[in-house]
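In TrEMBL this protein carries:
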| type | residues | note |
| --- | --- | --- |
| DOMAIN | 6-105 | domain 'Cadherin' |
| DOMAIN | 106-214 | domain 'Cadherin' |
| DOMAIN | 215-322 | domain 'Cadherin' |
| DOMAIN | 323-427 | domain 'Cadherin' |
| DOMAIN | 428-539 | domain 'Cadherin' |
| DOMAIN | 546-664 | domain 'Cadherin' |
| TRANSMEM | 664-688 | transmembrane segment |
Amino acid sequence: AQIRYSIPEELTRGAFVGNIAKDLGTDVAKLAAANLQVLSDSDSQYFSVNVNTGIIMVSERIDREQLCGQNPRCFLHLKLAIENPVEFYRIEVEILDINDNPPEFPSEEVSLRIYELASLGARFPIQPAQDPDVGTNTLQTYHLSANENFNLNVKARTDGGKFPELVLERALDREFRAFHYLVLTAEDGGSPPKSSKIRITIQVLDANDNHPVFDKPSYGARLVENSPLGTLVVKLNATDVDEGPNGDIRYSLSSHNSAALRQIFAIDEQTGEIRVQGNLDFEEATVYEIEVEAKDMGSPTMEEHCSVVVEITDVNDNAPEVILTSFSSSLSEDAPPGTVVAVIHVRDRDSGEQGKVQCHVSPDLPFQLRKDYEHQYSLLTSTRLDRERIAYYNVTVSASDLGSPPLSRHTVLPITLADVNDNAPQFEQASYEVLVAENNPVGSVLVTVSAADPDSEQNSRLSYSILRAGGTDPGLDPTRYLSIHPTSGQVSAKLPFDYEQTTYLQFHVEVSDGGSPALRNRTLVHIFIVDQNDNAPQVHFPRAGEDSATQLRISPSITPPALITKVVAIDADSGRNAWLSYHLVEATEPGLFSVALRSGEIRVMRALQETDASAHELLVVVRDAGEPPLSTAVTLVVLVEERGPEALQGSEARAVDGGGLPTITLYLIVSLVLISTISLVGLVVLGVRCL
């Protein structure tokens, strides 16, 4: 048996194709038990069957154009095989085309070259677009953008192909429009339709159908006598709207001109420039009329004529002369206004008004001219000068006569300002703050101070030195700890700092330039010493020798938690480096004694028993909170005796029963009370004074 289905291409995976159980009239359970198999004639498995439902589904993307190309009908063939008994069913699936491909041109743009005298009705084929779809979904028609010269004609072949071609309907004129830009659109018959476009650029080729045209029917020029050879008289301009050789113009003097005129004037055939090539004399001729012709290089040649009238003018032809009688090119920047820089003599070989000369300089410069008498001027300074602002001047002295037109001559006087030590050095910062860790290596650079001096050469050479700052401790001489490089300003350490002795150092750095007299400036440097954990805790109570332990006695009847003694330690560091903690590391009877973590108090934690030892050795470690932490250990020997507690072996330690306090603890409490009282009284007095 054979079953046929029809589905569109490009269905998603899992799309329904057909129900084979229903179409074969077979129970689904029977198909599942019969070991249903799907066999495909193609290499790809486009379909699958769910044996539990009997539904055929799409398992892979199906592209009709890839499978069947331009064939109008496209089929995929399947075979269903079942067992017990063996039966085969042939399934034919027709793949229907959808409009999933637009028409495509071979390129996005095409160029045509058409002669401007091309005859009407001429045809110019365009490469057709291709659409892999079939039926109504394939290419159906073309559209041409609106224009004045071309129409579109579409040729249809017997195989259904459609070829577009442009038809010239209106004559071309390259001079009116040299390029035509059209858009050809190909459209298929899908719903909705798809389309693509190609840009058509048409270049119109030229024909020699225009003659040259001068921009003026006649030209006029005026020259002075004795004009130098090569002087431009006038530049002619003729244009030809044609292009290429048809628009290439050559200029020449007409044969109507006399031989004498041809000796005086010449024309450049490429540019149309007429220049002087002979001597012009106002007394011989005051006006010249030149006939000029312009020809293009087309075939046949086309030409045009014009005339040029040249008037000769008798004018001033000698420029003034500037002579330096005295001049100093170097000037001190502290020169007062009115200082004479140069003495200038001027003259003009012309006579009358044309021989009178006037001089001036730019008003933007700090200089002025003073007229001493008819032909002599003095160049003076007009304001104060500052080399640091402007170090060099080019003073242009302009001399002009009173001729018509006036002639002038410009003389440049270079003036360099010599430096004066008038600027003190300036530090980059008014003050410097530096953090230095104690125990710094000798010779390390702590800070670099930097100053600048806008003066030049010797006046800008700087030297640094260290001075004691006012208000500092006379005992803290900065030169004892520090040195400074005299030229770089690098401040280096001569000794390592010890935070426990010095926490802050303040000093001045003075900079002086190399001028005479020298100018100076100062900056203040603050050095803050940062503490390092370089001191281990020191046990002040109880005191013991280096190799001996402190002994103390307690009564066997002492009541817990009785205070028997207190370990007092001090760390010379500060901050976290001086935070101390007390730890009981070793004890003869663990749990019998305890040490307070922060106060160092040692207490009995339980009642003594007869089985306990009569002597107990305690190892207490005092540790600070630095990184890395430092520690000190002290050993205490506690003797259990009937007599009252006392210190042994000359030690200053005292046993303390449960109701008393150590003497040093009492001293500490009294000191804290006195300090608090004095602080409170001081705050009250300050508050009353403020009110």
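The backbone N, Cα and C atoms fix where each Cβ goes, glycine too.
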Legend entry - Same-chain residues near the transmembrane segment (664-688), Cβ under 8 Å, at least 6 residues beyond its ends: 541, 566, 568
Legend entry - DSSP-assigned states of the domain 'Cadherin' (323-427) in counts, ordered helix, strand, coil: 4 helix, 56 strand, 45 coil
Inset, instruction - Report the DSSP secondary-structure composition of the domain 'Cadherin' (106-214) as helix, strand and coil residue counts. - result: 3 helix, 54 strand, 52 coil
Inset, instruction - By DSSP assignment, list the helix, strand and coil residue numbers for the domain 'Cadherin' (215-322), in that order. - result: 10 helix, 48 strand, 50 coil
Legend entry - For the domain 'Cadherin' (428-539), the number of residues DSSP places in helix, strand and coil: 8 helix, 48 strand, 56 coil
Legend entry - DSSP-derived helix, strand and coil totals, residue by residue, for the domain 'Cadherin' (6-105): 16 helix, 38 strand, 46 coil
Legend entry - Per-residue pLDDT averaged over the domain 'Cadherin' (546-664), given as an integer: 79
